[in-house]
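Engineer: A single structure is presented below for examination.
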Ligand SMILES: Nc1ncnc2c1ncn2[C@@H]1O[C@H](COP(=O)(O)OP(=O)(O)OP(=O)(O)O)[C@@H](O)[C@H]1O
Ligand SMILES: O=C(O)C1=C[C@@H](O)[C@@H](O)[C@H](O)C1
Ligand SMILES: [Mg+2]
């Protein structure tokens, strides 16, 4: 089938489910946030604080377009990646895109514990975190909705995803 790109908001499950679908299909698993961290030689949080978001977005774009992909892979993208430059068009031209859709409340519940490594969320808690996610998701969802397929983030399983990408 080639390349499958998972897109969606931070915490929707891109890394978790890309890895599981890749195992189910016998494809390679690639996480572009991890590739970027390896290339930069530092964590994303460190990169943001040293060089800022604009520089991060340029590097993220180069990583998306210059990675040497194997023939078959499931690729987890950064939560903001689809919303910059021509990335959704590029991914749609080079593979099958899947948007993992979840409500702001569910995203906030999942993100409350994993915020340290997500620089955009770091200082936010409770209602403030939900409000931030609600606004940011409203800003971003038009990009995510350019995906070829939409997965219901509450009902994920390798079998469900395999059927979806083969549909
Ligand atoms: N279906 C699920 N049910 C419950 N928890 C889940 C589910 N899928 C993922 N999670 C949990 O939600 C959290 C976020 O998942 P994950 O890191 O895969 O998201 P992500 O989309 O890759 O986020 P980011 O864009 O920040 O890298 C993790 O703690 C993960 O274990
Ligand atoms: O939503 C975002 O803008 C981000 C999501 C993460 O996957 C990382 O790519 C980074 O923390 C930025
Ligand atoms: Mg991830």
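Cβ atoms are placed via backbone N, Cα and C, with glycine included.
TrEMBL labels come from automatic prediction, so no person has curated them.
What you are looking at is a predicted structure, and each value in this text was computed from that prediction instead of being measured.
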Engineer: Given that TrEMBL lists 11, 12, 13, 14, 15, 16 as binding ATP, which residue among 57, 118 does it place in the same site?
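Structural biologist: My reading of TrEMBL gives 118 as the candidate in that site.
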Engineer: Residue 13 (ATP binding site): which of the binding-site residues 57, 79, 140 is the nearest Cα neighbour?
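Structural biologist: Its closest listed neighbour, by Cα, is 79.
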Engineer: Starting from each candidate's C-beta and looking 10 angstroms out, tell me which of the binding-site residues 15, 16 has the most other C-beta atoms.
Structural biologist: 15
Engineer: Among 14, 57, 118, 140, all listed as binding-site residues, which has the most CB atoms within 10 Å of its CB?
Structural biologist: 14
Engineer: Other residues with Cβ within 8 Å of the Cβ centroid of 11, 12, 13, 14, 15, 16, 118 at the ATP site?
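Structural biologist: The answer, listed by sequence position, is 8, 10, 17, 76, 79, 100, 110.
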